[in-house]
Amino acid sequence: MPMLPDWQTAVAKVGSALVAPDARGCSTRYLLPIAQWIREQRAQGKTVIVVSSGAVAAGRAAQGRMDTTTPLTIPEKQALAAIGQSLLMQHWSRLFDVPCAQVLLTYDDLRRRTRFVNAKNTLSALIDTGALPIVNENDTVATDELRVGDNDNLAAFVAVLAEADLLVMCSDVDGLYDADPHTTPNATRIPRVNAIDASVHALAGGSHHAAATGGMRTKIEAAEKATDRGIPTIIINGKKRAYLDALRNGQVPGTLFTGAAPAQQLSSRKHWMRHALPAIGRLFVDEGAAHALQEQGASLLPSGIIDVEGSFAPGDAVIVARRSEGTTQPIAKGIVQYSAADVRAIQGKHSTNIARVLSTAPTDHIIHRDDLVLL
Ligand SMILES: Nc1ncnc2c1ncn2[C@@H]1O[C@H](COP(=O)(O)OP(=O)(O)O)[C@@H](O)[C@H]1O
Ligand SMILES: N[C@@H](CCC(=O)OP(=O)(O)O)C(=O)O
């Protein structure tokens with residue numbers, strides 16, 4: 001069994017499968033032992049932030065909307081989340097003697113740098129008061145453009161916000177398997193993952209649970225976000241007390257995703273650029289430009305651009321994709337200095353021609369290397 005890395009601040013994500021195991025509203029069945037573990041960690045001077053799902057499940061139970069086979073419309077889901085969120089908070093509050101503080105976030109709070117920093121400061125001030133932060137997505141206002149969409153990814157963002165050194169995802173499964181154990185009974189658990197690549201993403205499937213959102217797929221995305229910042233991530237079965245006992249003994253009973261080594265970790269800004277900032281266009285580049293970005297850490301110049309997709313303004317983020325012999329491959333994400341129309345006018349041209357074509361040339365590059373993160 002892998003050893004649990006030393007930690008001081010952990011984000012513990014608790015999925016709907018544990019909060020509402022029978023899709024019938026909040027239950028203490030699995031939360032009591034988890035709360036006990038959190039109390040012990042706090043007593044040892046550690047900080048724990050909870051990211052809890054279950055608002056929709058709690059709202060369903062309160063409204064008698066138990067038929068999980070009929071899909072809810074988005075406004076119905078938002079209304080049930082509004083009803084269920086207060087029940088969810090009451091439920092958690094009963095398990096602790098310290099105040100439980102409700103923190104509701106949307107994607108907008110994460111993608112806008114100023115709001116991100118504001119959320120970070122609030123969380124830090126909250127922790128200083130000794131309260132237990134219980135975070136959920138603000139489902140009531142979250143339309144598609146505003147939502148993270150699942151609490152696994154939200155938990156990873158919160159771990160980055162809080163500068164945590166551990167992300168614990170408590171689910172109803174023993175960890176990452178080489179196939180979904182609910183459909184492949186002889187699947188094998190993978191105790192440790194040192195690098196999350198396409199082959200790891202390919203193992204993960206969706207959820208079989210009516211109240212859950214992402215299944216294993218979003219857990220791997222979350223682990224990638226957290227480990228990119230050097231935050232080790234574990235998936236454990238929160239239904240099994242023995243798993244919490246193993247954690248107490250410094251062991252990881254599920255799957256440990258090791259945090260990237262310091263040299264591979266993304267800076268806070270580059271992490272935000274890669275994982276939170278939405279890309280609203282694409283720049284297609286030739287082999288030479290792709291090589292310069294990937295191997296030489298160069299800025300992107302107009303001469304290497306062969307095509308432009310989308311409508312963006314200076315300051316927006318775009319994906320840079322290599323195009324060669326009919327195939328395209330995303331290689332980087334970056335913040336552009338010129339609008340889409342201007343890039344179209346100067347693509348393929350030497351930087352010295354920018355001023356002649358556009359009558360102005362604020363920079364000789366389209367994306368500066370400091371504003372570029374490799375994918
Ligand atoms: N490769 C895999 N390994 C483990 N579980 C998987 C895998 N692929 C899909 N799953 C499913 O993911 C589920 C856990 O995710 P989910 O139901 O969303 O729970 P939670 O509410 O804890 O987020 C498991 O119960 C399992 O059915
Ligand atoms: N925000 C939603 C939960 C979304 C979610 O990701 O659920 P889960 O897959 O159980 O972690 C709610 O509180 O119902």
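Here the Cβ of each residue, glycine as well, is placed from N, Cα and C on the backbone.
Annotated ATP binding site per TrEMBL: LYS13, SER171, ASP172, THR213, GLY214, GLY215, MET216, ARG217, THR218, LYS219, in sequence order. Neighbours of LYS13 (ATP binding site), defined as other CB atoms within 10 A of its CB across all chains, total 29.
According to TrEMBL, the feature substrate binding site maps to SER53, ASP139, ASN151. Counted within 10 Å of its Cβ, the other Cβ atoms near SER53 (substrate binding site) come to 28, all protein chains included.
Residues in the domain 'PUA' (281-367) partition by DSSP class (helix H, G, I; strand E, B; coil) as 28 helix, 30 strand, 29 coil. The annotation domain 'PUA' is assigned in TrEMBL to 281-367.
Each residue contributes its Cα atom, and for SER53 (substrate binding site) and LYS13 (ATP binding site) these two points are 8 Å apart. In the vicinity of ligand 1, defined as a Cβ distance under 6 Å, the following of the binding-site residues ASP139, ASP172, MET216 are placed: ASP172, MET216. Separating the Cα atoms of LYS13 (ATP binding site) and ASN151 (substrate binding site) is a whole-number distance of 7 Å. Following the DSSP three-state reduction, the secondary structure of LYS13 (ATP binding site) is strand.
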